[in-house]
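What follows is a single structure, written as C-alpha cells, with notes after it.
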C-alpha cells in the first residue's frame, strides 16, 4: 500500500469516518460486520471501488487529497454501502434498491452513483470529438476503440455520433 504522499491526518480521518459509518450500520442492522481492508490504490477518474470478495475499499489518493471532506462524507460511505449490501443481501444490482436503502436509511447519506470532483489532475491524455451541440473529450481507451472500429459514441444531449475533430 503506497500512501507516502497522503498525510497521516487524512488517512486517520478516512479511517475514523469509515469506523463511524460501520458502527452506525452495525447498530441499525443488529449485526457485527467486520471492518473492511482499506487501501489507497485506486487510479484514474474513479474515486473509489469496493471489492466484494476481498472485502476491501480502494480509494483514489489524488482525489482524496484534493477533496478530503467531501470524500470522507460521500465516497467512503458509498463504497462501504456496497460491501454491506453484499454481506447483507448477497449479490444484487450495484446501485439498486438495496444499495440506495443502505445509503439513505442505514448510513444517512444521499444515494449518489457518481462523484462531482474536478478530474483535471487525474485525467490523462484526451482526444477532442464533436457533435452538433458541443465538444467532448474522449479518453485514450475510448479513442482507440473508435479508431479500431470497435465502438461508436453518441452525445447524451443531442444523440449525434461523436466525430474526431
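Positions of Cβ are set from backbone N, Cα and C atoms, glycine also.
Small disclaimer: the values here were computed from a predicted structure and weren't measured.
The following features are taken from Swiss-Prot:
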ACT_SITE  79  active site
BINDING   78, 82  Zn(2+) binding site
DOMAIN    20-163  domain 'SprT-like'
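Known features from Swiss-Prot, placed on the structure.
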residue	record	CB count, 10 Å
78	Zn(2+) binding site	26
79	active site	23
82	Zn(2+) binding site	21
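Averaged over the domain 'SprT-like' (20-163), the predicted model reaches a pLDDT of 91.
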